[in-house]
Amino acid sequence: MEMTSAFTLNVRLDNIAVITIDVPGEKMNTLKAEFASQVRAIIKQLRENKELRGVVFVSAKPDNFIAGADINMIGNCKTAQEAEALARQGQQLMAEIHALPIPVIAAIHGACLGGGLELALACHGRVCTDDPKTVLGLPEVQLGLLPGSGGTQRLPRLIGVSTALEMILTGKQLRAKQALKLGLVDDVVPHSILLEVAVELAKKDRPSSRPLPVRERILAGPLGRALLFKMVGKKTEHKTQGNYPATERILEVVETGLAQGTSSGYDAEARAFGELAMTPQSQALRSIFFASTDVKKDPGSDAPPAPLNSVGILGGGLMGGGIAYVTACKAGLPVRIKDINPQGINHALKYSWDQLEGKVRRRHLKASERDKQLALISGTTDYRGFAHRDLIIEAVFENLELKQQMVAEVEQNSAAHTIFASNTSSLPIGDIAAHATRPEQVIGLHFFSPVEKMPLVEIIPHAGTSAQTIATTVKLAKKQGKTPIVVRDKAGFYVNRILAPYINEAIRMLTEGERVEHIDAALVKFGFPVGPIQLLDEVGIDTGTKIIPVLEAAYGERFSAPANVVSSILNDDRKGRKNGRGFYLYGQKGRKSKKQVDPAIYPLIGAQGQGRLSAPQVAERCVMLMLNEAVRCVDEQVIRSVRDGDIGAVFGIGFPPFLGGPFRYIDSLGAGEVVAIMQRLATQYGSRFTPCERLVEMGARGESFWKTTATDLQ
């Protein structure tokens, strides 16, 4: 048996070589540049052994095959040429695996992503487990890159160009059955027999390539290909607004390989990989990846977390139902919902049923697993079943007296160790805990709507919250699949505080005559997933504007909304999508209904709807106020670091990921340039644009928030 640091070669008695991948000291297998020589040494031995019948690659990790390439390798490249050389090295290694004269099979269990899937594609056959942990994909586009070790060339030839483009352009991950249906894998088996099935496949002749569906064969021809790339190009441009250069390069590289052959395709792939690695977009996206990984490792405090065996929820509304779902179905914890109205409990239970039933229909979940997860959720109209809950999340109406009453009731009806977590979006946690007998166990846990989709939670300790309460709440959030940031107990916390001036400015521009669709389109073009006016409609105008008076009382008139505009809209019974009318009008088909701007909105707010500003001018006014407020939050220690500030903005409100978050964006512009822009806007539009003191000082000194590397703070 030949040992290497990450690869073990074992030749079985039946002359099948099993190469076990196990990167020492790491939970996940990732490919590193230094492994190339190790793999080549093994390939040399395989070629020298004339008795071998086949080869199987398998992972020793319990839940991943290969999670991708080590992203630090890209960060270490100083030039496009260095990154291109890295890609060519990967391509060459995969080519050597593919060129082995005997069948090579990948036995896949767990994540098989990026470079891991490229290695599997270089094999002659693939078998994977039917485990939910098994996913296959090429997520490089999410880091502003493209697959650089042959993925753009091998995948289209294996599963067809249109399906391959969808995977590569979106980073979409396939489950086992989807992969089998598309021909990405040759078999799906239980984990217990994975290796034996792969070995048997390796004993046969090389698996012949499955004939592509007729549609894919047509699209691979010159006419079909031209039409496909034109259509996909238009769709991609509309989705990315031209902000992500990787998607354009992916289309170019895949088309080059199909039109000019694999040699030209591999060459184009390596060159594009090198160039994309040096783009500011890729650097920003990689910084978000590193920051989010870092946040997920952050325990929140130095104290050890308390055990978490069960959770209670007060309120069965939209938020309560969503929190119950992620607690039971993601965290796997028993949940007890209390609502004074049985209909509230039914609503919360139906919410989880709808989510899980959708997964069953899409064949992502077995019906038996759905029933098992639903069995974790129960309901009550009183406090029966709450006596031993470790943590109780309050998701009732946004009213201070009511929330204080909830604290008192929970303390009377739960254990001495029970934590009370409030899902408030605006009320100070210190005020909610004001009359608590155990204030050290009261904390804020702010989810964003819709709960099952939004990745961020804000965890808000008040001055008296214990370190263990913080650590335990952070632990729960991670179990729920969330990315938690710990923020200070100040009005608006972090996300809503930086969002409010952004939305206020959009409303102000409406009153000045800019059109709803122009404002929204300008911010989508800038890189936000939706514009500020549409966002307000989606959240609910009544809900979204409730925080403005709270912020105005705390921080003064820079948070003032345009006079009487919000009240005029609410008095006209406009709440947004939830009641079918806001700034937009909605059809009758729920969230998927088409919307159109309601022209009646302009006279209602006393505006003409005849704008004069360009899209960049509109975006500049909204975004600069957000940046200024984010810097104030650092200065006032509302957030613990600019890392948390960037993650909070990207994951909480969809700040453009390709800009890396507010603080990376300020660094890319230069603090001095941001100050100059804000001073110009202050002269034009008023003192709300006055740059904060910290920004002015940083601009004068030429300072930045981040160091030059993707992972370190100054």
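Placed from the backbone N, Cα and C atoms, the Cβ positions cover glycine too.
Per Swiss-Prot, region 'Enoyl-CoA hydratase' is recorded for 1-190.
Per Swiss-Prot, the feature region '3-hydroxyacyl-CoA dehydrogenase' maps to 306-714; the stated evidence is sequence analysis.
Swiss-Prot lists E118 (among others) with the feature site 'Important for catalytic activity', giving sequence analysis as the kind of evidence. Within the same chain, residues at least 6 positions away in sequence whose Cβ sits under 8 Å from that of E118 (site 'Important for catalytic activity') are G90, M94, L138, P147, S149, G150, G151, R154. In the three-state DSSP scheme, E118 (site 'Important for catalytic activity') is classed as helix.
Reduced to three states, the DSSP call for E140 (site 'Important for catalytic activity') is helix. Feature annotation from Swiss-Prot assigns site 'Important for catalytic activity' to E140 (among others); the stated evidence is sequence analysis.
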TODO: Check the region 'Enoyl-CoA hydratase' (1-190) for me and report the mean pLDDT.
DONE: 95
Task: Neighbour tally for E140 (site 'Important for catalytic activity'), based on other Cβ positions within 10 Å of its Cβ - done: 29
